[in-house]
Each structure stands twice: as structure tokens, then as C-alpha cells.
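What follows is a set of notes on a single structure, which appears directly below.
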Amino acid sequence: MDTVSVPEPPTQAVRPSVLDPAIAARLRRDEAGLVAAIVREHGTGDVLMMAWMDDEALHRTLTTGRATYWSRSRQEYWVKGQTSGHHQYVKGVSLDCDGDAVLVTVEQVGAACHTGNHTCFFDELPVRTGVPT
């Protein structure tokens, strides 16, 4: 019996991009080809959200000044604010020391969180604090 081999769809790791090769060489991507994107607000320094970027999302963010992410659930790019109107205008992007995360500094217009909160980090957990010895 003959079997037919069906190629798997391209993974995020092999999606083509025009990201500057010097920047791409510094990234340490996960198995899906993604790096974490931590987003903070320009001026206040508030941590707003965490999302994912591949090379193309980072390229678009760096070249358009609009925060662009990769949706793992929808398997597509999304520009923050494109549907909600809660835009993120990029003021700066920094790569962390390991190359596996970027810090995106933005001017946030409206809420950053899909819940309507200013930040996605509004649900504080109890912490037992202690005095260091």
C-alpha cells in the first residue's frame, strides 16, 4: 500500500522575514521561532503586557513604529489597536542580555489589556514579605 506524504504547513520558525540580519543573529528564539515581548509605557514605566514576536513582527515594529505581535492562538500578526483602537506607538525597543526577549517602550493610547484595564498586570497575588538577614 502506498502512502502519500503531506507536507506540514511552515512553522513560525521558517516564516520568511526581512529583519536586519545583524539583529536576527542576536535573537534566541523558542522552538516556535518566537521571542517574548515585554511592553512598558513610556513616561510612567508601567509594565503593560507581554506578547510574542517572530522576526517579521519585530521587523514591522521597528520599521513602522506600531507594535506588531504574533498571535499563537490565531496564527497571524496583529497590530495593537487595529481593532480595539487602543494603539501602541513605539518609542524604543531593547534586546535583553540573553537575546530571548525584547522590551518594547510605547506610548499607549487607551487600555493595553483586552479586559479594559490599563495594564494586563492588575491581578496582584499575596506575597509573604520578609526582612533579609
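Keep in mind that glycine also has a Cβ here, set from the backbone N, Cα and C atoms.
Where the annotation comes from TrEMBL, it is an automatic prediction and has not been curated.
The Mg(2+) binding site annotation in TrEMBL covers Asp96, Asp98, Asp100. Around Asp100 (Mg(2+) binding site), the same-chain residues six or more apart in sequence whose CB sits under 8 Å from its CB are Leu27, Arg28, Arg29, Asp30, Val35, Ala36, listed in sequence order.
What TrEMBL records for Cys97, Cys113, Cys120 is Zn(2+) binding site. Secondary structure at Cys97 (Zn(2+) binding site), taken from DSSP and collapsed to helix, strand or coil, is coil.
If you look up TrEMBL, you'll see 49-122 marked as domain 'Phosphoribosyl-AMP cyclohydrolase'.
When the alpha carbons of Cys120 (Zn(2+) binding site) and Asp96 (Mg(2+) binding site) are compared, the span between them is 21 angstrom. Taken residue by residue, the domain 'Phosphoribosyl-AMP cyclohydrolase' (49-122) breaks down under DSSP into 10 helix, 30 strand, 34 coil.
Listed in chain order, the residues near the Mg(2+) site other than Asp96, Asp98, Asp100 are Arg28, Val35, Leu95, Cys97, Gly99, Ala101, each with its Cβ within 8 Å of the site Cβ centroid.
Taking each of the binding-site residues Cys97, Cys113, Cys120 in turn and counting other Cβ atoms within 10 Å of its Cβ gives the largest count for Cys120. Over the domain 'Phosphoribosyl-AMP cyclohydrolase' (49-122) the predicted model carries a mean pLDDT of 96.
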